Amino acid sequence: MASGLKLPRLYAIVDADCFGPEPSLATLTHFAKELVAGGVTLLQYRNKQGSAREILSHARELKRALPPEVTLLLNDRADLAIAAGFHGVHVGQDDLSPEGARLVVGPEMFVGTSTHNPEQLQIADKATVDYLAIGPIFATKSKINPDPVVGLDRLRAVRKLTSKPLVAIGGITRENCRSVIDAGADSVAVIADLLVDPRQRASEFLQILHS
């Protein structure tokens, strides 16, 4: 595993699918810059529909445009994470396995993985990953055919199953994010509730999460 990953309370996701069928690079970059201006220090770039060429082009521009201290993770594509100069990769249950991703990126880059129930989390906990994600905690519209809702009670239960950093994702808003941290998550991943006025929203999230 890589060393030195300290998960911030807010794990912001820049999801290209939220910006229309052909999101412009300028739009994505401006959005990411606004998040960072609001205090975000870690970003995941997610693009489920784009070609490898498009994803790499976008990722490289994000890397160029953002301050070097911002940790950048790429969803799904370990190979493109390396090519873009990102700090790590995040893989899901239907992507390259965590161990496969580790073989691709080596020991120096970060690897995280998504889980949706206690069984998946326990399996992933044995892999050489730097953090685990669990969700959806609440109902979400950011994913087509989402997995069953985990809920706060099950989040509390899975917290006891791992000592690794735990990211909660799915339906998390400014109204409920504090309850997610109180239930045991180290960080909350957010997509939808950052889309409008991202600088202000990020600042509000961080104020709540650190209260």
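Using N, Cα and C of the backbone, Cβ positions are placed for all residues, glycine too.
For GLN44, TYR45, ARG46, ASN47, LYS48, ASN75, SER114, LYS143, the entry in Swiss-Prot reads 4-amino-2-methyl-5-(diphosphooxymethyl)pyrimidine binding site. TYR45 (4-amino-2-methyl-5-(diphosphooxymethyl)pyrimidine binding site): 25 other CB atoms within 10 A of its CB, across all protein chains.
Residues annotated as Mg(2+) binding site in Swiss-Prot, with sequence analysis given as evidence: ASP76, ASP95. ASP95 (Mg(2+) binding site) is surrounded by 17 other CB atoms, counting those within 10 A of its CB over all protein chains shown. A coil conformation is recorded for ASP95 (Mg(2+) binding site) in the three-state DSSP classification, outside any helix or strand.
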Worksheet item: Any idea which of the binding-site residues ARG46, LYS48 has the thinnest Cβ neighbourhood at 10 Å?
Response: LYS48
Item to complete: For GLN44 (4-amino-2-methyl-5-(diphosphooxymethyl)pyrimidine binding site), list the number of other Cβ atoms lying within 10 Å of its Cβ atom.
Response: 24
Worksheet item: Any idea what the Cα distance is from SER114 (4-amino-2-methyl-5-(diphosphooxymethyl)pyrimidine binding site) over to ASP95 (Mg(2+) binding site), rounded to a whole Å?
Response: 10
Fill in: Where TYR45 (4-amino-2-methyl-5-(diphosphooxymethyl)pyrimidine binding site) falls in three-state DSSP terms
strand
Discussion item. When DSSP is mapped onto helix/strand/coil, what comes out for ASN75 (4-amino-2-methyl-5-(diphosphooxymethyl)pyrimidine binding site)?
Written reply: strand
